[in-house]
There are 2 protein chains.
Amino acid sequence: MAQESQVAPRYLSGDKPALREFLDKFDVFLFDCDGVLWSGDHLFPGTVETLELLRKNGVSRNAMSVQQKLTNGLGKQVVFVTNNSTKSRADYRKKLEGLGIPSTVEEIFSSSYSASIYISRILQLPENKRKVYVIGETGIEQELQSENVQFIGGTDPAYRRDITPEDYKKIAAGDESLLDPEVGVVLVGLDFHFNYLKMALAYHYVKRGAVFLATNIDSTLPNSGTLFPGAGSMSAPLIMMLNQEPVALGKPSQAMMDSVEGKFKFDRSRTCMVGDRVNTDIRFGLEGKLGGTLGVLTGVSSKEEFLTGDVRPHAYLDKLSDLLGSE
Amino acid sequence: MAQESQVAPRYLSGDKPALREFLDKFDVFLFDCDGVLWSGDHLFPGTVETLELLRKNGVSRNAMSVQQKLTNGLGKQVVFVTNNSTKSRADYRKKLEGLGIPSTVEEIFSSSYSASIYISRILQLPENKRKVYVIGETGIEQELQSENVQFIGGTDPAYRRDITPEDYKKIAAGDESLLDPEVGVVLVGLDFHFNYLKMALAYHYVKRGAVFLATNIDSTLPNSGTLFPGAGSMSAPLIMMLNQEPVALGKPSQAMMDSVEGKFKFDRSRTCMVGDRVNTDIRFGLEGKLGGTLGVLTGVSSKEEFLTGDVRPHAYLDKLSDLLGSE
């Protein structure tokens, strides 16, 4: 599956020349967030300063004096790439702000936004099949609205109820009061109000020809220091019933990389993915043939995984703020 | 996986000598129900007469005249083996009766009963870990009660609600008001009131050491002539989150065959499984090394599957009532 990086990753923490050399190779840094910039509600020390160093002013590093670098930053494009589908980009910017990280909506790329772009700009849907049946929360709805995509389901209270004997008959008969004939896409994200009726409807829409999409297929979601069901837990029953995988729009899916590239028009060879998880973040960068991948040891994957796993970053750090050691 | 029956299955419909020879080989017939005896709400013609022919009076066939056979039946033990976990055996008998099939509770073997027997008689649980956390409906609860197994969850309305911010913290902290320390088993069956909270609790119980059981893992459930989410759809998210398969107590799991044998003390070499689905019913019989398997063409699997599939019955009929052609 993953394109393997066979060379042992380079350890950069505390090695100023190696850090400088590494940073000079890239114009764009894609950041995973939880486990890299913060953990749960805890912002890692130095996160804000590191981001400031990387991004300020858009001035190329070579043209700057050391003083300018410290004052103006390195002029890199910074993108926050998150699989969180329950929040819109605007919600996510508020979350970053709440943690003390200045950012703009334009710097944020979420799986719900990725899915919305995929539906509106990449999928070629017939005119009478452009509605989306949503399993998910408000973040997905907001991003679909931002791309002028019509949808049903989602947070609509009409779907938050038990299935009835009438429903079985109506669904079997393809009754339009329950199965909208204009639905051409089923989009499944994390839904805290998931239920039997929603599952049954999603199954029948796909059986009737709708495209099966998932914002992301992470099986778990971190919360309060432990794990809870993730968006993948809403897709899992459908995958089993349909014997079909969804097109997933979150990391490590390359559909997300295509969407990010479509928006930021970057040069992949001068782009680096930064993350804590080999099987999502690092794989995402490697399969996307980015110029670099940078692992950090403040999240899920261990040093041993970085050094001897099937999927290895090009370089790694103890923590993100070790990048400050480049100056 | 399945023990393959390499020989082409014998077609018995209309072949009186072959039918007699086949029936004579067995003392016990295990019946799948939907697709064999009926379809949905429609009882197949001749079902009642066929069952009467097989089972009456317990007199051995060889000792009877033709007249006696027609009057008294062949003296076979008949067992209805169903993966339906939402009904107790008593409920299921009522369903059979409603369809016009006389039966006794003792002739019925459901996956919820199978699971209850497995928990009470086969699992060796420590004394303080004997409670079962149930995802499922009343059929499971009734069968657990019949085996004096304590349980929580199930149809308890306290679990039919949204997850709250408090719940995350309590679950993370292992708060006993949400995570009962005496739970040693998670039993997952079909639950029409499945939700995020139930999923999260089941995940955490298994992570804390509970045995992960499923009444059955059928991904779909027939209703109104089409398919809806089955019990497997409730296990699928947990399998994905835990990266662990449950012990399944329904067909084709041999845990169910062991339970059936434990109850009926039959000779496997003189037992025949009758069903319409190769991957559950026929596999169940083959892996259980029964003397025979009999496919019928009134359900899911096709003649082509019977003749050329990986899992093939020993013999097959167009319809169950073709057994009446033996007399």
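Just so you know, glycine gets a Cβ as well, placed from its N, Cα and C.
Since this is a predicted model, take the numbers as computed values, not measurements.
Listed in TrEMBL for this protein:
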- B:Asp32: active site, nucleophile (ACT_SITE)
- B:Asp34: active site, proton donor (ACT_SITE)
- B:Asp32, B:Asp34, B:Asp276: Mg(2+) binding site (BINDING)
- B:Lys251: substrate binding site (BINDING)
For the residue listed as 'substrate binding site', nearby residues of its own chain (Cβ under 8 Å, 6 or more apart in sequence): B:Asp32, B:Val81, B:Asn83, B:Ser111, B:Asn216, B:Thr280, B:Asp281, B:Arg283, B:Phe284
Conformational class of B:Asp276 (Mg(2+) binding site) under the three-state DSSP mapping: coil
Fewest other Cβ within 10 angstroms of its own Cβ, chosen from the recorded positions B:Asp32, B:Asp34, B:Asp276: B:Asp34
Integer Cα-Cα distance in angstrom, B:Asp276 (Mg(2+) binding site) to B:Asp34 (active site, proton donor): 8
Additional residues around Mg(2+), ordered along the sequence, whose Cβ is within 8 Å of the centroid of B:Asp32, B:Asp34, B:Asp276: B:Cys33, B:Gly35, B:Val36, B:Leu37, B:Gly275, B:Arg277, B:Asp281, B:Val296, B:Gly299, B:Val300
Assigned conformation of the residue listed as 'substrate binding site' - DSSP reduced to three states: coil
